[in-house]
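Asker: My questions all concern the structure below.
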Amino acid sequence: MTSSPTSSSSNSEVEQFLKSGDVEESVIREESVEAVVKDSGLDEFFRLRWYCLMVLMMAEFTAFTATASSKVMVFAGANPSVIGCGGVPIKGCHELAALKENMTELANCVPELKYQFKSVQVEFNYVCEDAKKVKNTITIQTLGVLIGAAIFGQFSDTYGRRKALLISTLGNAIFNFISAYSHNLVYFALWRTMAGVFTGGVTVVQMVFMVENIPRNHRMWIQNSITWSPNLILFPFVAWLCEDWRTMSKVIAAASMATFAAVYILQESPRWLIQKGRVEDARRALVKIRKTDKLYDETTEKQLDETLRIEMEKHVKKSKKAKKYTFIHLFCTWKMMVQSLTFITGIMCTTFIVYSLMYNMEKLSGSLYWNLAIMGAARWIINILVSLADYYLPWFGRKLINHIAMICTLLALFVMAAYLFLGYVGGQLMSIGTVAAVAMCSQLFIAKYMMVNELYPTAVRNLAVSAVSTMSRIGSMFSPQLFYLSDYSEWIPYVVLFACQFYDWIIMWCFLPETKGVVLENHLPPKHKRIFKNRTETVNN
């Protein structure tokens, strides 16, 4: 296989940098600089100062943009309640159907609607059975997010994190703005799906770009603070101010443009530049970061030379040892096959539960805005409590987090199913149960992804995370249709969700080990232990 011009120029740049450093080695390798570099390496150039503040500002903009773009259909796709038709007061779709059937003079009457947010259903008059057409577009929109995540994940690895975020935020802004002027459901679905492609790009790249540009010792609290949960508190307030889906689409477009501006003023990730062998570009980026932090002095260049030399030597060694791995390697032994299937099916169940409940929130009693805000607050508080327990309690492991979250979710779903089965309708119990189930499921996301990172060898760790992330989106694609079963009986959807959660609990209990504190594996099992020996050997060769 021949090398591309870009890779050839990068390699020659690396070799020239390493050689020139050999000549000047006696000049730049001062003891103080060498000691700092050995202790901290590239992390020395990332401090909790002005540049980090700019990165955190960007992270909050992207987190809000991603939250709003992915949760917009909670409001834009909310079903209104039918309260009358032709001046005759009625309650619900069943009475509307009976009214039109029994009173011919009202067969073509326009339903009178009650709603908290002017959704697509309200404006285009999609009510009762027709409202399902709007819900079905959510599946298509989610497919766009799935495609965008795959495209921009590869794009960011090849062309850079910053460039991927700039393109995805700009595209998200353009298509959200266009969707605000859709004159029917077909165009709305089309433009929202296109926006979803770029939303997928924002969601898959923003966390990587942030982590690569903040100090290592501060990553945990930053990731727990600037995340989707606090923005799930902010987003309902923004939706309340917007009042209708057209205004909301414009606000999301404006937020995307603000995110574009926040990303534009930042440098490309120096870690990605070094990985690609672009030494001089990495040098320029690190110098600008240092100057932004007002830490640039006469020792900076010397320290930078030594740091880049060590990082490039690591990169060269790693590149020589690199092998090509594919998703097949996640199933290369019986043990890994069972674990991979457990994670994949389990995360599909979790996302199916969460999004099924969220896309049905308009049926809950109380305010749609307050219910979603309380859900975000509950998720955030539980996130913080679990983080503290994980840090201070050695026995508080990943499986225990899963067990507690799953049992609480099972109890909430069981109570709601029993409540409806006994003939009760609505009430605060359904709102509390929904908020509790979704809040506890947020811990399953965190714990599952942490277990994936700790369980799989370094060689296929990113592949495992990518596979689980992809399958989680597939789980959310079909969640809007679940509550169609309530046409037969209101309790059936909750029984289905209970069965999904129970399945996830059983397979996690049986097939996944505790991973907290384990030593991370670097290599796959030896070839003689693999199932697909010929296939995996061919891929590696």
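Cβ from N, Cα, C; glycine included.
Source: prediction; values computed, not measured.
In case it helps, TrEMBL gives these features for our protein:
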type     : residues : note
DOMAIN   : 55-516   : domain 'Major facilitator superfamily (MFS) profile'
TRANSMEM : 48-66    : transmembrane segment
TRANSMEM : 164-183  : transmembrane segment
TRANSMEM : 189-209  : transmembrane segment
TRANSMEM : 221-241  : transmembrane segment
TRANSMEM : 247-266  : transmembrane segment
TRANSMEM : 327-357  : transmembrane segment
TRANSMEM : 369-393  : transmembrane segment
TRANSMEM : 400-422  : transmembrane segment
TRANSMEM : 428-447  : transmembrane segment
TRANSMEM : 491-512  : transmembrane segment
Asker: Mind checking which residues reach the transmembrane segment (48-66)? Cβ under 8 Å, same chain, six or more beyond either end.
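Answerer: For the transmembrane segment (48-66), the far contacts come to 165, 169, 172, 199, 202-203, 206, 209-210, 213-215, 218, 222, 226-228, 231, 234-235, 252, 255-256, 258-259, 262-263, 265-266, 289, 292-295.
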Asker: Who are the long-range neighbours of the transmembrane segment (327-357) in its own chain, taking Cβ under 8 Å and residues 6 or more past its ends?
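Answerer: Those are 409, 413, 434, 437-438, 441-442, 444-445, 448, 451-452, 455-456, 459-460, 463-464, 467-468, 471-476, 478-480, 482-483, 493, 497, 500-501, 503-504, 507-508, 511-512, 524-525, 529-532, 535-536, 539, in sequence order.
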Asker: Could you pull the average pLDDT for the domain 'Major facilitator superfamily (MFS) profile' (55-516)?
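Answerer: Reported value for the domain 'Major facilitator superfamily (MFS) profile' (55-516) is a mean pLDDT of 86.
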Asker: Using a Cβ cut-off under 8 Å, which residues of the same chain at least 6 positions beyond either end of the transmembrane segment (247-266) come close to it?
Answerer: 54-55, 57-58, 61-62, 64-65, 68-69, 72, 75-76, 162, 165-166, 169-170, 172-174, 176-177, 179-180, 202, 209, 213, 238-239
